[in-house]
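Quick look at what Swiss-Prot lists:
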type     : residues : note
MOD_RES  : Ala2     : N-acetylalanine
MOD_RES  : Ser4     : phosphoserine
DOMAIN   : 4-145    : domain 'SLD'
MOD_RES  : Lys9     : N6-acetyllysine
MOD_RES  : Ser16    : phosphoserine
MOD_RES  : Ser25    : phosphoserine
MOD_RES  : Lys29    : N6-methyllysine
MOD_RES  : Ser31    : phosphoserine
MOD_RES  : Ser38    : phosphoserine
COILED   : 41-140   : coiled coil
MOD_RES  : Ser63    : phosphoserine
MOD_RES  : Lys100   : N6-acetyllysine
MOD_RES  : Lys119   : N6-acetyllysine
REGION   : 121-149  : region 'Disordered'
COMPBIAS : 121-143  : compositional bias 'Basic and acidic residues'
Amino acid sequence: MASSDIQVKELEKRASGQAFELILSPRSKESVPEFPLSPPKKKDLSLEEIQKKLEAAEERRKSHEAEVLKQLAEKREHEKEVLQKAIEENNNFSKMAEEKLTHKMEANKENREAQMAAKLERLREKDKHIEEVRKNKESKDPADETEAD
């Protein structure tokens, strides 16, 4: 388009900016369009070029498939590692809980045995004291009977 095809008409002028209108003149029939209306024709490809493009596409597909398989293998390996770690942590927790419970049970058993031994000792002491009191009473009783006569 030439500059004579365009007319500029000023609408407003303000401090914040300027507004204008562009008026395009109608196109003349003689003018040739600046761009082609249809896309450019592609040259005919030879059989070798088509074959090369197909081979390149096949290589891209294979490369993409290999990359996807590699990512899947890495993901599976990571999942196995995470699962193994979880199993190991669970086993460690179970062992620690079992050891703690065993230790607690042993401490309770020892405490119970100590309490039983202390009770038995107190009972023996009471029996001994009762026996002493009985002997003392028996030894005093015959003397009291002879004195009473």
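First residue shown is number 1, and so on along the chain.
Glycine too: its Cβ is placed from the backbone N, Cα and C atoms.
Source: prediction; values computed, not measured.
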Residue among modified residues Ser16, Ser25, Ser38, Lys100, Lys119 with Cα closest to the Cα of Lys9 (N6-acetyllysine): Ser25
Ser25 (phosphoserine) and Ser16 (phosphoserine), Cα-Cα, nearest whole angstrom: 30
Same-chain residues at least 6 apart in sequence whose Cβ lies under 8 Å from Ser38 (phosphoserine): none
Around the Cβ of Lys100 (N6-acetyllysine), the count of other Cβ atoms that are within 10 Å: 10
Averaged pLDDT score, the coiled coil (41-140): 95
Candidate nearest Lys100 (N6-acetyllysine) in space, where candidates are the modified residues Ser25, Ser63, Lys119 and distance is Cα-Cα: Lys119
Other CB atoms, at most 10 A from the CB of Lys9 (N6-acetyllysine): 8
Other C-beta atoms that fall within 10 angstroms of the C-beta of Ser25 (phosphoserine): 11
For Ser63 (phosphoserine), the number of other Cβ atoms found within 10 Å of its own Cβ: 10
Secondary structure content of the domain 'SLD' (4-145), with strand meaning DSSP E or B: 101 helix, 15 strand, 26 coil
